[in-house]
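Undergrad: I grabbed these lines from TrEMBL:
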- 1-88: domain 'Cyclin-like' (DOMAIN)
- 101-183: domain 'Cyclin-like' (DOMAIN)
- 204-227: compositional bias 'Polar residues' (COMPBIAS)
- 204-230: region 'Disordered' (REGION)
- 256-342: compositional bias 'Basic and acidic residues' (COMPBIAS)
- 256-391: region 'Disordered' (REGION)
Amino acid sequence: MATGQVLFHRFYCKKSFARFNVKKVAASCVWLASKLEESPRKARQVLVVFHRMECRRENLPIEHLEVGSQKYHDLKTDLSRTERHILKEMGFVCHVEHPHKFISNYLATLETPPELRQEAWNLANDSLRTTLCVRFKSEVVACGVVYAAARRFQVPLPENPPWWKVFDADKSGIDEVCRVLAELYSLPKAQYIPVCKDGDSFTFSNKSRDSQSQPIPKEISQTSPTANIKPVSAAINPESVGAKEVLVRVAIDKMKDSKKSDDESKNMSVEGEAREEPLPKSNSELKTEASRERNREREKERERERDREREDRIKARDRDRGRDSDRERDREETERDRDKAKDRSHRSKDRGKDSGGHSGKSRHHSSRDRDYHSSSYSSREKDRHRHHSYA
């Protein structure tokens with residue numbers, strides 16, 4: 001409850017009551033607060049409760065809100081749309097710090113009687129009906145609430161030194177909080193005044209259906225929308241307040257329909273005159289065309305990139321194929337070289353065998369020749385010795 005009220009005040013510090021319906025915003029704030037406080041509720045539960053409350057406050061017959069109806073669908077879409085507006089205005093910063101958590105600590109520190117705690121708690125709840133939660137810090141509001149409760153019960157608080165300085169507050173803020181609370185209790189009971197242009201939130205569709213189902217008196221003239229209201233008020237029983245509201249709204253609807261028909265006739269005439277001349281395009285149309293052109297250019301670039309990728313893939317495949325063919329050629333050449341080397345080795349072995357046989361024969365003959373030469377040499381020397389001896 002407290003978080004929803006703080007969100008409500010924060011939202012309407014930036015937005016107008018005439019633009020955003022108070023009832024829709026209240027329901028969206030409660031729905032968002034249930035998520036922030038980790039006690040989530042379904043949208044159906046929030047809508048059913050607010051619909052029943054509004055029917056009671058406006059003295060209407062309480063009807064059950066059917067989940068599958070078009071009215072429920074519209075209310076649910078409005079609820080989620082308003083929640084998005086609230087989050088957007090707050091920049092998705094929804095942290096809330098309440099003065100309630102400071103009250104018990106402050107009172108325990110000041111050693112006040114226990115009945116003062118409940119009174120200060122009630123004042124903190126009532127302060128959420130004002131704008132104190134967006135004007136002051138939660139510590140200042142808690143000090144102001146404690147001060148007002150102590151004044152009511154006539155409980156003295158230490159002033160030398162001042163007790164509020166310990167809790168990070170000033171006397172001017174405390175006095176302003178007490179003044180706003182006193183002014184709140186002096187006001188009469190609050191009443192709802194419809195100021196939003198969109199109409200009511202939860203019972204508008206019911207009233208419009210009831211007004212369409214009820215027969216309209218024949219005394220109502222269809223000449224001008226202002227004349228429609230007078231006979232209706234004369235023909236209605238003054239005791240039936242709900243019927244008055246229904247017929248007044250019927251007259252307002254007729255006024256709107258007549259204005260719409262006049263606007264449509266004017267638009268038709270303007271369109272007939274403007275057929276000859278081309279109408280200038282609006283900013284939204286220009287933006288859509290520019291976005292379409294950008295999308296087309298992006299698609300063309302993507303197609304070009306895809307074609308480039310395909311070409312690169314084809315080239316890579318061709319390169320791989322060329323590399324495979326080169327590898328096969330290298331393999332064939334290496335195999336040929338190996339075969340040639342094997343043939344050469346075999347031939348050299350055969351030649352070595354042949355040369356080994358001839359070398360043995362030559363070695364045999366050479367030894368014989370050596371023996372022969374040695375024998376001949378020795379005989380010559382003998383002859384020489386003989387000759388010398390004879391000499």
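Start at 1 and count along the chain as shown; that gives each residue its number.
From the backbone N, Cα and C atoms, a Cβ is placed for every residue, glycine too.
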Undergrad: How do the residues of the domain 'Cyclin-like' (101-183) split into helix, strand and coil according to DSSP?
TA: 59 helix, 2 strand, 22 coil
Undergrad: Can you tell me how the residues of the domain 'Cyclin-like' (1-88) break down into helix, strand and coil by DSSP?
TA: 60 helix, 0 strand, 28 coil
